[in-house]
Amino acid sequence: MSLLSDLVNLNLTDSTKQIIAEYIWIGGSGMDIRSKARTLPGPVSDPSKLPKWNYDGSSTGQASGDNSEVILYPQAIFRDPFRRGDNILVMCDAYTPAGDPIPTNKRHKAAKIFSHPNVAKEVPWYGIEQEYTLMQKGVNWPIGWPVGGFPGPQGPYYCGVGADKAIGRDIVDAHYKACLYAGIGISGVNGEVMPGQWEFQVGPVEGISAGDQVWVARYLLERITEISGVNVSFDPKPVPGDWNGAGAHCNYSTKTMRNDGGLAVIKKAIEKLQVKHKEHIAAYGEGNERRLTGKHETADINTFSWGVANRGASVRVGRDTEKEGKGYFEDRRPASNMDPYVVTSMIAETTILG
């Protein structure tokens, strides 16, 4: 093992009580994840005990150069699978020095919705299916594909096994374990329909924590692909043509939906989603029109539909939910590059407060 690897993996617990906290936030594009580290005097488990911190917002597209200071407010703590020990990852949101949320801070509004008494008493649960595509570094093309060429047609790759089907499994497994170590409620992974495309699921997770956990899971994936020398794409249609796009299906339930008679509540919620279809589509990710075509297991972007076990619908109700008369439903419209704070809170706002 090289000296560099020895130092990267150095265990600090025997030599100091100090820890390293990696502060994570979302940059100006809404999809660029930023982070920086600081030393703290000892272990911390409560985000309210962590210090606020500033950064140069003019370098992230979130402030002007003559007034560039943006303040990070720690919101959630996770174990750090890279540094381990008592070191932590800290999910933050961003504010002006005066304490106002900056325009790209979507967590602040989401937290307000989830703290509304009518929402809180419904204990909303989310399960988010995050699809992504592993891309060759330096070229905008999936790993395992010949540059400028194509693999065999879709069919053998979904949940496939073998070097010619499960391309990038080492990255996927590393990410899976890193999420479990960090304390993220990751519930599974699988290979997707297009080769080089994968999915991980986070949930069921309650309320604002769903957004926190998906963002930190994305951060971990970015870090692991960084180490592996490949890029990760959250583009909803990374390859044009007869190839599946990438989504972030959102499974959702409330307390009344999970109780006896919940199917009727689910149907009423779906009716509310239909009324606000255009508003939701506008907030469900950029470039989603390239994915929601009515083909490749999607509904047409301009038409709202729902059905039992129908993966070509906007909203799907599972067979078990129909049989038991209670449970959850799946909103299949969100794109892979959606903001989980926006999507989860918007679904709650429409179905509970609408």
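Cβ atoms here come from the backbone N, Cα and C positions, even for glycine.
Here TrEMBL flags 19-99 as domain 'GS beta-grasp'.
Outside the region 'Disordered' (37-63) by six or more residues, the chain places 17-23, 25, 27-29, 69-77, 86, 88, 90, 92, 94, 97, 102-104 with a CB less than 8 A from a CB of the stretch. If you look up TrEMBL, you'll see 37-63 marked as region 'Disordered'.
Taken from TrEMBL, the feature domain 'GS catalytic' covers 106-354.
Each residue of the domain 'GS beta-grasp' (19-99) gets a DSSP state, and the totals for helix, strand and coil are 6 helix, 41 strand, 34 coil. Mean model confidence for the domain 'GS beta-grasp' (19-99) is a pLDDT of 97.
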